[in-house]
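Undergrad: Quick one: the structure is below, questions incoming.
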Amino acid sequence: MQALPPVSAESIANPAPPAISPIPPAAPGHAQLGQQSDPVPAPIQPVPVQQPAAPSVQVPASQAQIQLSFAPVVRQTAPAVVSIYARRVVEARQSPFFNDPLFGQLFGDRGRPPRVQNALGSGVILTSDGIVVSNFHVVGNADDIRVVLNDRREFTAEVILADETSDLAILRLQGANDLPAIELADSDRTEVGDLVLAIGNPFGVGQTVSSGIVSALARSGLAVGSGTGYFIQTDAAINPGNSGGALVDMSGRLVGINSAILTRSGGSNGIGFAIPANLVAQVVAQAEGGASAFQRPWMGMSGQSVDAALAEALGLGLPQGVAITELHPQSPLARAGLQSGDVVLAVNDEPVNSPQEMMFRLSAGGIGGEATLTWQRGTERREARVALVAPPETPARNRLTVRSSALRGLVAETINPAVAAEQGLDPQASGVVVVEVADLAARAGLQPGDVLLSVNRQRVGDTAALDRALSDPSRYWEVELVRGGRRSVLRFRI
(Lines of atoms letter the chains of each structure in order from A and count residues from 1; the text may use other names and numbers.)
(Lines give C-alpha, C1' and ligand atoms only; values in the text may rest on other atoms or scores of the structure.)
Protein backbone atom coordinates (compact mmCIF):
# COMPACT_ATOMS: atom_id res chain seq x y z
CA MET A 1 0.00 0.00 0.00
CA GLN A 2 1.41 3.40 -0.87
CA ALA A 3 1.88 6.70 1.12
CA LEU A 4 -8.52 10.02 -6.40
CA PRO A 5 -12.71 12.32 -10.43
CA PRO A 6 -15.31 14.93 -9.72
CA VAL A 7 -18.81 13.79 -9.14
CA SER A 8 -21.40 15.28 -11.47
CA ALA A 9 -24.96 15.77 -10.26
CA GLU A 10 -27.79 14.36 -12.40
CA SER A 11 -30.75 16.62 -13.10
CA ILE A 12 -34.13 15.35 -12.00
CA ALA A 13 -36.60 15.25 -14.88
CA ASN A 14 -40.21 16.09 -14.22
CA PRO A 15 -42.52 13.17 -14.96
CA ALA A 16 -44.31 13.55 -18.28
CA PRO A 17 -48.02 14.33 -17.75
CA PRO A 18 -50.42 11.65 -18.90
CA ALA A 19 -51.79 12.20 -22.42
CA ILE A 20 -55.44 13.46 -22.26
CA SER A 21 -57.70 12.46 -25.18
CA PRO A 22 -60.85 14.57 -25.98
CA ILE A 23 -64.24 12.89 -25.44
CA PRO A 24 -65.63 12.00 -28.90
CA PRO A 25 -68.96 13.87 -29.84
CA ALA A 26 -72.25 11.91 -29.75
CA ALA A 27 -73.68 10.90 -33.20
CA PRO A 28 -76.55 13.27 -34.42
CA GLY A 29 -80.21 11.91 -34.26
CA HIS A 30 -82.39 11.27 -37.45
CA ALA A 31 -85.31 13.76 -38.18
CA GLN A 32 -88.90 12.36 -38.57
CA LEU A 33 -91.38 13.63 -41.31
CA GLY A 34 -93.36 16.59 -40.20
CA GLN A 35 -91.01 17.19 -37.32
CA GLN A 36 -88.17 19.65 -37.10
CA SER A 37 -84.92 17.99 -36.56
CA ASP A 38 -82.95 18.79 -33.52
CA PRO A 39 -80.04 21.14 -34.09
CA VAL A 40 -76.63 19.54 -34.39
CA PRO A 41 -74.87 19.93 -31.08
CA ALA A 42 -71.68 21.95 -30.98
CA PRO A 43 -68.49 19.91 -30.67
CA ILE A 44 -67.50 19.25 -27.11
CA GLN A 45 -64.20 20.87 -26.17
CA PRO A 46 -61.91 19.02 -23.78
CA VAL A 47 -61.58 20.52 -20.36
CA PRO A 48 -58.02 21.82 -20.06
CA VAL A 49 -56.11 19.92 -17.41
CA GLN A 50 -53.58 21.87 -15.40
CA GLN A 51 -50.23 20.09 -15.14
CA PRO A 52 -48.89 19.63 -11.60
CA ALA A 53 -46.24 22.10 -10.58
CA ALA A 54 -42.71 20.73 -10.49
CA PRO A 55 -41.75 19.94 -6.91
CA SER A 56 -39.28 22.34 -5.34
CA VAL A 57 -35.98 20.50 -4.87
CA GLN A 58 -34.18 21.20 -1.61
CA VAL A 59 -30.45 20.63 -1.90
CA PRO A 60 -29.03 18.91 1.20
CA ALA A 61 -26.36 20.80 3.15
CA SER A 62 -25.02 18.40 5.80
CA GLN A 63 -25.36 14.77 6.79
CA ALA A 64 -29.06 15.16 6.24
CA GLN A 65 -28.57 17.48 3.28
CA ILE A 66 -26.00 17.40 0.53
CA GLN A 67 -24.75 20.77 -0.63
CA LEU A 68 -24.99 21.79 -4.24
CA SER A 69 -21.59 23.44 -3.71
CA PHE A 70 -18.74 22.63 -1.35
CA ALA A 71 -17.41 26.19 -1.66
CA PRO A 72 -18.41 27.33 1.88
CA VAL A 73 -16.56 24.39 3.44
CA VAL A 74 -13.53 24.94 1.22
CA ARG A 75 -13.38 28.65 2.07
CA GLN A 76 -13.41 27.75 5.76
CA THR A 77 -10.80 24.98 5.70
CA ALA A 78 -8.44 25.41 2.74
CA PRO A 79 -6.41 28.29 4.26
CA ALA A 80 -5.32 25.94 7.08
CA VAL A 81 -3.98 23.25 4.71
CA VAL A 82 -0.32 23.80 3.82
CA SER A 83 2.24 22.45 1.38
CA ILE A 84 5.37 20.91 2.88
CA TYR A 85 8.76 20.65 1.20
CA ALA A 86 11.22 18.44 3.08
CA ARG A 87 14.90 17.94 2.34
CA ARG A 88 17.10 15.15 3.64
CA VAL A 89 20.84 14.59 3.19
CA VAL A 90 21.61 10.88 2.82
CA GLU A 91 25.11 9.52 3.25
CA ALA A 92 26.21 7.41 0.30
CA ARG A 93 26.43 3.69 1.01
CA GLN A 94 29.98 2.45 1.22
CA SER A 95 31.54 -0.93 0.72
CA PRO A 96 31.86 -2.98 3.94
CA PHE A 97 35.61 -3.10 3.15
CA PHE A 98 35.92 0.67 2.91
CA ASN A 99 37.58 0.98 6.33
CA ASP A 100 40.06 -1.80 5.55
CA PRO A 101 43.57 -0.26 5.13
CA LEU A 102 44.47 -2.80 2.45
CA PHE A 103 41.33 -1.86 0.49
CA GLY A 104 42.37 1.79 0.65
CA GLN A 105 45.89 1.02 -0.58
CA LEU A 106 44.59 -0.97 -3.54
CA PHE A 107 41.66 1.18 -4.64
CA GLY A 108 42.24 4.56 -3.04
CA ASP A 109 39.60 6.80 -1.46
CA ARG A 110 36.38 5.94 -3.24
CA GLY A 111 33.98 7.64 -0.87
CA ARG A 112 30.99 9.15 -2.64
CA PRO A 113 29.43 12.49 -1.77
CA PRO A 114 26.11 12.48 0.11
CA ARG A 115 22.83 12.56 -1.81
CA VAL A 116 19.95 14.96 -1.28
CA GLN A 117 16.43 13.55 -1.13
CA ASN A 118 13.46 15.88 -1.55
CA ALA A 119 9.95 15.03 -0.35
CA LEU A 120 6.68 16.78 -1.08
CA GLY A 121 3.57 16.53 1.06
CA SER A 122 0.84 18.41 2.86
CA GLY A 123 0.01 19.41 6.41
CA VAL A 124 -2.80 20.88 8.51
CA ILE A 125 -2.56 23.86 10.88
CA LEU A 126 -4.23 23.01 14.19
CA THR A 127 -3.41 26.09 16.28
CA SER A 128 -3.05 29.76 15.43
CA ASP A 129 0.50 29.83 16.80
CA GLY A 130 1.76 27.31 14.24
CA ILE A 131 1.27 23.70 15.37
CA VAL A 132 0.99 21.60 12.19
CA VAL A 133 0.28 17.88 11.78
CA SER A 134 1.57 15.85 8.84
CA ASN A 135 2.79 12.31 8.07
CA PHE A 136 5.97 10.81 9.44
CA HIS A 137 6.87 9.48 5.99
CA VAL A 138 6.86 13.07 4.70
CA VAL A 139 8.98 14.83 7.34
CA GLY A 140 10.13 12.24 9.88
CA ASN A 141 13.80 12.12 8.88
CA ALA A 142 14.11 15.50 7.18
CA ASP A 143 17.03 17.85 7.78
CA ASP A 144 15.25 20.93 6.43
CA ILE A 145 11.48 21.58 6.27
CA ARG A 146 9.78 24.47 4.48
CA VAL A 147 6.04 25.09 4.86
CA VAL A 148 4.08 27.20 2.36
CA LEU A 149 0.62 28.51 3.28
CA ASN A 150 -2.28 28.95 0.91
CA ASP A 151 -1.61 32.72 0.86
CA ARG A 152 2.04 32.01 -0.19
CA ARG A 153 3.62 32.86 3.14
CA GLU A 154 6.57 30.59 3.93
CA PHE A 155 7.86 29.33 7.26
CA THR A 156 10.70 27.14 8.45
CA ALA A 157 9.44 24.24 10.55
CA GLU A 158 10.88 21.82 13.06
CA VAL A 159 9.59 18.39 14.05
CA ILE A 160 8.67 18.40 17.74
CA LEU A 161 7.19 14.88 17.84
CA ALA A 162 7.50 12.00 15.39
CA ASP A 163 5.71 8.66 15.60
CA GLU A 164 6.55 6.18 12.86
CA THR A 165 4.04 3.57 14.04
CA SER A 166 1.02 5.82 13.50
CA ASP A 167 2.75 7.71 10.64
CA LEU A 168 2.15 11.06 12.34
CA ALA A 169 4.51 13.99 12.88
CA ILE A 170 3.86 17.26 14.69
CA LEU A 171 5.64 20.41 13.47
CA ARG A 172 6.06 23.88 14.91
CA LEU A 173 6.32 26.81 12.50
CA GLN A 174 8.98 29.29 13.55
CA GLY A 175 7.82 32.88 14.05
CA ALA A 176 4.18 32.12 13.25
CA ASN A 177 1.10 33.69 14.83
CA ASP A 178 -2.53 34.46 13.95
CA LEU A 179 -2.69 31.57 11.50
CA PRO A 180 -5.90 29.96 10.23
CA ALA A 181 -6.58 26.64 11.97
CA ILE A 182 -8.94 23.68 11.63
CA GLU A 183 -11.04 22.33 14.48
CA LEU A 184 -10.72 18.62 15.22
CA ALA A 185 -13.86 16.51 14.85
CA ASP A 186 -14.83 13.57 17.05
CA SER A 187 -13.92 10.88 14.52
CA ASP A 188 -15.84 8.26 16.52
CA ARG A 189 -19.04 10.00 15.39
CA THR A 190 -18.12 9.63 11.71
CA GLU A 191 -20.35 7.22 9.80
CA VAL A 192 -20.03 5.31 6.56
CA GLY A 193 -21.65 7.42 3.85
CA ASP A 194 -20.72 10.81 5.34
CA LEU A 195 -19.57 13.36 2.78
CA VAL A 196 -15.90 14.37 3.11
CA LEU A 197 -13.40 16.55 1.25
CA ALA A 198 -9.70 15.74 0.78
CA ILE A 199 -7.49 18.83 0.60
CA GLY A 200 -3.78 18.73 -0.21
CA ASN A 201 -1.05 19.35 -2.75
CA PRO A 202 -1.06 16.30 -5.08
CA PHE A 203 1.98 15.96 -7.34
CA GLY A 204 3.00 19.49 -6.33
CA VAL A 205 0.46 21.11 -8.68
CA GLY A 206 -0.90 23.32 -5.91
CA GLN A 207 -3.73 23.08 -3.44
CA THR A 208 -6.43 20.76 -4.73
CA VAL A 209 -9.81 19.72 -3.32
CA SER A 210 -11.57 16.44 -4.09
CA SER A 211 -14.85 15.09 -2.75
CA GLY A 212 -16.12 11.69 -1.74
CA ILE A 213 -17.67 9.77 1.10
CA VAL A 214 -16.48 7.75 4.05
CA SER A 215 -16.30 4.29 2.47
CA ALA A 216 -15.47 2.27 5.58
CA LEU A 217 -14.34 2.58 9.18
CA ALA A 218 -11.97 0.57 11.34
CA ARG A 219 -9.61 -0.48 8.57
CA SER A 220 -6.63 -2.06 10.33
CA GLY A 221 -3.70 -4.33 9.61
CA LEU A 222 -2.61 -2.08 6.72
CA ALA A 223 1.14 -1.56 6.57
CA VAL A 224 2.27 2.06 6.33
CA GLY A 225 5.96 2.72 6.77
CA SER A 226 7.31 0.33 9.37
CA GLY A 227 4.12 -0.13 11.33
CA THR A 228 0.46 -0.94 10.98
CA GLY A 229 -2.34 1.48 11.58
CA TYR A 230 -6.05 2.03 12.02
CA PHE A 231 -7.75 4.08 9.31
CA ILE A 232 -10.85 5.72 7.93
CA GLN A 233 -11.33 4.67 4.29
CA THR A 234 -12.54 7.16 1.68
CA ASP A 235 -13.10 7.29 -2.07
CA ALA A 236 -12.12 10.97 -2.27
CA ALA A 237 -9.20 11.33 -4.68
CA ILE A 238 -5.89 11.06 -2.83
CA ASN A 239 -2.63 11.09 -4.78
CA PRO A 240 1.09 11.41 -4.01
CA GLY A 241 1.56 14.81 -2.39
CA ASN A 242 -1.76 14.54 -0.53
CA SER A 243 0.03 12.75 2.31
CA GLY A 244 -0.48 14.73 5.50
CA GLY A 245 -3.41 16.67 4.05
CA ALA A 246 -6.86 17.16 5.52
CA LEU A 247 -9.96 15.00 5.33
CA VAL A 248 -12.77 17.30 6.47
CA ASP A 249 -16.49 16.89 7.07
CA MET A 250 -19.31 19.17 5.91
CA SER A 251 -18.97 21.26 9.07
CA GLY A 252 -15.37 22.11 8.19
CA ARG A 253 -13.86 19.98 10.94
CA LEU A 254 -10.86 17.68 10.59
CA VAL A 255 -11.96 14.04 10.44
CA GLY A 256 -8.56 12.58 9.61
CA ILE A 257 -5.09 13.03 8.13
CA ASN A 258 -4.71 11.52 4.66
CA SER A 259 -1.95 8.96 4.81
CA ALA A 260 -2.03 6.20 2.20
CA ILE A 261 -3.70 4.79 -0.89
CA LEU A 262 -4.19 1.28 -2.20
CA THR A 263 -2.99 1.32 -5.80
CA ARG A 264 -1.23 -0.61 -8.52
CA SER A 265 -0.51 2.33 -10.81
CA GLY A 266 0.77 4.81 -8.23
CA GLY A 267 -2.30 7.03 -8.62
CA SER A 268 -5.75 7.10 -7.11
CA ASN A 269 -8.01 4.08 -7.43
CA GLY A 270 -10.66 5.42 -5.09
CA ILE A 271 -9.30 3.63 -2.04
CA GLY A 272 -7.61 6.06 0.32
CA PHE A 273 -6.91 5.93 4.04
CA ALA A 274 -6.84 8.63 6.71
CA ILE A 275 -5.64 8.55 10.32
CA PRO A 276 -8.62 9.35 12.62
CA ALA A 277 -8.71 12.76 14.28
CA ASN A 278 -9.14 11.30 17.77
CA LEU A 279 -5.67 9.75 17.58
CA VAL A 280 -4.27 12.99 16.12
CA ALA A 281 -5.66 14.85 19.16
CA GLN A 282 -3.73 12.65 21.59
CA VAL A 283 -0.48 12.94 19.63
CA VAL A 284 -0.82 16.74 19.52
CA ALA A 285 -1.57 16.86 23.26
CA GLN A 286 1.63 14.98 24.06
CA ALA A 287 3.65 17.18 21.68
CA GLU A 288 2.34 20.35 23.32
CA GLY A 289 3.21 18.80 26.68
CA GLY A 290 6.87 18.54 25.65
CA ALA A 291 7.09 14.90 24.54
CA SER A 292 9.29 14.10 21.54
CA ALA A 293 7.87 10.59 21.08
CA PHE A 294 4.27 9.40 21.33
CA GLN A 295 3.63 7.17 24.32
CA ARG A 296 0.80 4.66 24.09
CA PRO A 297 -0.96 3.14 27.07
CA TRP A 298 0.57 -0.15 28.11
CA MET A 299 -1.62 -3.16 27.38
CA GLY A 300 1.04 -5.76 28.22
CA MET A 301 -0.68 -8.31 26.02
CA SER A 302 -0.55 -10.05 22.68
CA GLY A 303 -3.78 -10.90 20.93
CA GLN A 304 -5.41 -11.99 17.71
CA SER A 305 -8.64 -11.33 15.87
CA VAL A 306 -11.38 -13.87 16.47
CA ASP A 307 -12.34 -15.75 13.31
CA ALA A 308 -15.17 -18.26 12.90
CA ALA A 309 -13.07 -21.26 13.95
CA LEU A 310 -11.75 -19.54 17.07
CA ALA A 311 -15.22 -18.25 17.96
CA GLU A 312 -16.54 -21.81 17.86
CA ALA A 313 -13.65 -23.07 19.98
CA LEU A 314 -14.20 -20.33 22.58
CA GLY A 315 -17.95 -20.76 22.66
CA LEU A 316 -18.73 -17.33 21.21
CA GLY A 317 -21.92 -16.73 19.31
CA LEU A 318 -20.24 -14.55 16.68
CA PRO A 319 -16.66 -14.17 15.41
CA GLN A 320 -15.88 -10.87 17.10
CA GLY A 321 -13.38 -9.31 19.48
CA VAL A 322 -9.71 -9.79 20.29
CA ALA A 323 -8.56 -13.00 21.97
CA ILE A 324 -5.74 -12.56 24.50
CA THR A 325 -2.88 -14.97 23.72
CA GLU A 326 -0.21 -13.64 26.13
CA LEU A 327 -0.51 -11.36 29.12
CA HIS A 328 2.15 -9.76 31.31
CA PRO A 329 1.33 -10.56 34.96
CA GLN A 330 1.75 -6.91 36.00
CA SER A 331 -0.18 -5.38 33.10
CA PRO A 332 -3.30 -3.26 33.73
CA LEU A 333 -5.44 -5.93 32.07
CA ALA A 334 -4.09 -8.64 34.37
CA ARG A 335 -4.66 -6.39 37.39
CA ALA A 336 -8.27 -5.91 36.23
CA GLY A 337 -8.82 -9.67 36.28
CA LEU A 338 -8.33 -10.63 32.63
CA GLN A 339 -6.24 -13.64 31.62
CA SER A 340 -5.05 -15.49 28.53
CA GLY A 341 -7.98 -16.92 26.58
CA ASP A 342 -10.37 -14.09 27.44
CA VAL A 343 -11.89 -12.12 24.55
CA VAL A 344 -12.06 -8.31 24.60
CA LEU A 345 -15.22 -7.25 22.75
CA ALA A 346 -15.29 -3.46 23.20
CA VAL A 347 -13.41 -0.48 24.60
CA ASN A 348 -15.64 2.26 25.98
CA ASP A 349 -18.60 0.62 24.21
CA GLU A 350 -16.81 0.81 20.84
CA PRO A 351 -16.41 -2.68 19.29
CA VAL A 352 -12.86 -3.89 18.66
CA ASN A 353 -12.05 -6.68 16.23
CA SER A 354 -8.27 -6.49 15.87
CA PRO A 355 -5.29 -5.75 18.14
CA GLN A 356 -4.65 -2.56 16.14
CA GLU A 357 -8.21 -1.36 16.70
CA MET A 358 -7.95 -2.14 20.40
CA MET A 359 -4.69 -0.20 20.70
CA PHE A 360 -6.22 2.74 18.80
CA ARG A 361 -9.17 2.89 21.19
CA LEU A 362 -6.88 2.82 24.21
CA SER A 363 -4.44 5.34 22.69
CA ALA A 364 -7.29 7.74 21.92
CA GLY A 365 -8.11 7.71 25.64
CA GLY A 366 -4.69 9.06 26.59
CA ILE A 367 -2.30 8.10 29.35
CA GLY A 368 -3.59 8.94 32.81
CA GLY A 369 -7.22 8.12 32.14
CA GLU A 370 -9.31 4.98 32.35
CA ALA A 371 -11.10 2.77 29.85
CA THR A 372 -14.02 0.38 30.23
CA LEU A 373 -13.40 -3.01 28.66
CA THR A 374 -16.23 -5.34 27.74
CA TRP A 375 -14.87 -8.87 27.67
CA GLN A 376 -16.01 -12.46 27.70
CA ARG A 377 -14.79 -15.64 29.38
CA GLY A 378 -16.63 -18.72 28.21
CA THR A 379 -20.28 -17.71 28.01
CA GLU A 380 -20.05 -15.00 30.67
CA ARG A 381 -19.75 -11.38 29.57
CA ARG A 382 -18.15 -8.90 31.98
CA GLU A 383 -16.91 -5.32 32.26
CA ALA A 384 -13.76 -3.95 33.86
CA ARG A 385 -12.22 -0.52 34.39
CA VAL A 386 -8.61 -0.44 33.23
CA ALA A 387 -6.05 2.25 34.07
CA LEU A 388 -4.28 3.76 31.05
CA VAL A 389 -0.64 3.93 32.16
CA ALA A 390 2.71 4.27 30.43
CA PRO A 391 4.77 1.07 30.10
CA PRO A 392 7.20 0.70 33.04
CA GLU A 393 10.92 1.27 32.52
CA THR A 394 12.06 -1.49 34.88
CA PRO A 395 14.58 -2.96 34.61
CA ALA A 396 16.55 -0.04 33.17
CA ARG A 397 17.13 -0.32 29.42
CA ASN A 398 20.87 0.55 29.76
CA ARG A 399 21.66 1.16 26.09
CA LEU A 400 24.97 -0.33 24.94
CA THR A 401 26.90 0.89 21.90
CA VAL A 402 29.59 -1.59 20.85
CA ARG A 403 32.66 0.28 19.56
CA SER A 404 35.06 -2.66 19.33
CA SER A 405 34.92 -6.47 19.18
CA ALA A 406 33.22 -8.82 16.73
CA LEU A 407 29.92 -6.89 16.83
CA ARG A 408 31.28 -3.38 16.37
CA GLY A 409 28.48 -1.04 15.31
CA LEU A 410 25.82 -2.80 17.41
CA VAL A 411 23.44 -0.74 19.56
CA ALA A 412 21.37 -2.82 21.99
CA GLU A 413 19.08 -2.32 24.98
CA THR A 414 17.93 -4.45 27.90
CA ILE A 415 14.31 -5.44 27.35
CA ASN A 416 11.70 -4.02 29.72
CA PRO A 417 7.97 -3.44 29.08
CA ALA A 418 8.63 -0.03 27.51
CA VAL A 419 11.31 -1.41 25.18
CA ALA A 420 9.11 -4.40 24.29
CA ALA A 421 6.25 -2.05 23.37
CA GLU A 422 8.53 0.17 21.27
CA GLN A 423 10.04 -2.77 19.39
CA GLY A 424 6.80 -4.72 18.96
CA LEU A 425 8.02 -7.68 21.02
CA ASP A 426 6.00 -10.17 23.02
CA PRO A 427 4.91 -8.60 26.32
CA GLN A 428 6.90 -11.15 28.33
CA ALA A 429 10.07 -10.96 26.22
CA SER A 430 13.34 -10.66 28.13
CA GLY A 431 17.02 -10.37 27.32
CA VAL A 432 18.66 -7.90 24.95
CA VAL A 433 17.17 -6.43 21.77
CA VAL A 434 19.10 -5.02 18.81
CA VAL A 435 18.16 -1.37 18.21
CA GLU A 436 20.64 -0.36 15.49
CA VAL A 437 23.29 -2.13 13.41
CA ALA A 438 26.25 -0.92 11.37
CA ASP A 439 29.77 -1.97 10.43
CA LEU A 440 30.72 -5.49 11.65
CA ALA A 441 27.35 -6.11 13.31
CA ALA A 442 25.59 -5.56 9.98
CA ARG A 443 28.08 -7.79 8.16
CA ALA A 444 27.44 -10.53 10.72
CA GLY A 445 23.74 -10.50 9.74
CA LEU A 446 22.16 -8.87 12.79
CA GLN A 447 18.99 -6.81 12.27
CA PRO A 448 17.07 -4.29 14.40
CA GLY A 449 14.47 -6.14 16.45
CA ASP A 450 16.57 -9.27 16.95
CA VAL A 451 16.43 -10.56 20.53
CA LEU A 452 19.85 -11.85 21.59
CA LEU A 453 19.83 -14.93 23.82
CA SER A 454 23.50 -15.91 23.98
CA VAL A 455 26.89 -15.01 22.54
CA ASN A 456 29.46 -17.81 22.27
CA ARG A 457 27.13 -19.85 24.51
CA GLN A 458 27.15 -17.24 27.27
CA ARG A 459 23.62 -16.16 28.23
CA VAL A 460 22.97 -12.44 27.81
CA GLY A 461 20.08 -11.41 30.06
CA ASP A 462 20.98 -7.72 29.91
CA THR A 463 23.43 -5.37 28.21
CA ALA A 464 26.02 -5.79 30.98
CA ALA A 465 26.12 -9.54 30.29
CA LEU A 466 26.37 -8.83 26.55
CA ASP A 467 29.31 -6.50 27.12
CA ARG A 468 31.11 -9.22 29.09
CA ALA A 469 30.43 -11.85 26.43
CA LEU A 470 31.86 -9.60 23.71
CA SER A 471 35.20 -9.37 25.54
CA ASP A 472 35.97 -12.93 24.35
CA PRO A 473 39.15 -12.80 22.18
CA SER A 474 37.95 -15.66 19.95
CA ARG A 475 37.87 -15.25 16.16
CA TYR A 476 34.93 -17.66 15.82
CA TRP A 477 31.56 -16.41 16.96
CA GLU A 478 28.13 -17.90 17.57
CA VAL A 479 25.11 -15.70 18.32
CA GLU A 480 21.79 -17.28 19.32
CA LEU A 481 18.79 -15.04 18.73
CA VAL A 482 15.04 -14.83 18.13
CA ARG A 483 13.86 -13.12 14.95
CA GLY A 484 10.20 -12.91 14.00
CA GLY A 485 9.29 -15.46 16.64
CA ARG A 486 11.82 -18.04 15.39
CA ARG A 487 15.01 -19.06 17.11
CA SER A 488 18.16 -19.18 14.98
CA VAL A 489 21.96 -19.11 15.29
CA LEU A 490 24.44 -16.90 13.43
CA ARG A 491 27.96 -18.28 13.02
CA PHE A 492 30.78 -16.19 11.58
CA ARG A 493 34.52 -15.58 11.72
CA ILE A 494 36.45 -12.33 12.00
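Including glycine, each Cβ sits where the backbone N, Cα and C put it.
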Undergrad: Region 'Disordered' per TrEMBL: which of the ranges 1-56, 337-392 is that?
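TA: Of the candidate stretches, TrEMBL labels 1-56 as region 'Disordered'.
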Undergrad: DSSP on the domain 'PDZ' (314-354): how many residues come out helix, how many strand, how many coil?
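TA: Result for the domain 'PDZ' (314-354), in helix, strand, coil order: 5 helix, 13 strand, 23 coil.
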Undergrad: Note the mean pLDDT of the domain 'PDZ' (314-354), expressed as a whole number.
TA: 93
Undergrad: In Å, how large is the greatest distance between any two Cα atoms among H137, D167, G241, N242, S243, the listed binders of substrate?
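TA: Those residues reach a largest Cα separation of 15 Å.
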Undergrad: I need the CA-to-CA distance for D167 (substrate binding site) versus H137 (active site, charge relay system), whole Å please.
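TA: D167 (substrate binding site) to H137 (active site, charge relay system), Cα-Cα distance: 6 Å.
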Undergrad: Which state, by DSSP, holds H137 (active site, charge relay system): helix, strand or coil?
TA: helix
Undergrad: Whole-number answer please: how many Å between the C-alpha atoms of N242 (substrate binding site) and H137 (active site, charge relay system)?
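TA: For N242 (substrate binding site) versus H137 (active site, charge relay system), the Cα atoms are 12 Å apart.
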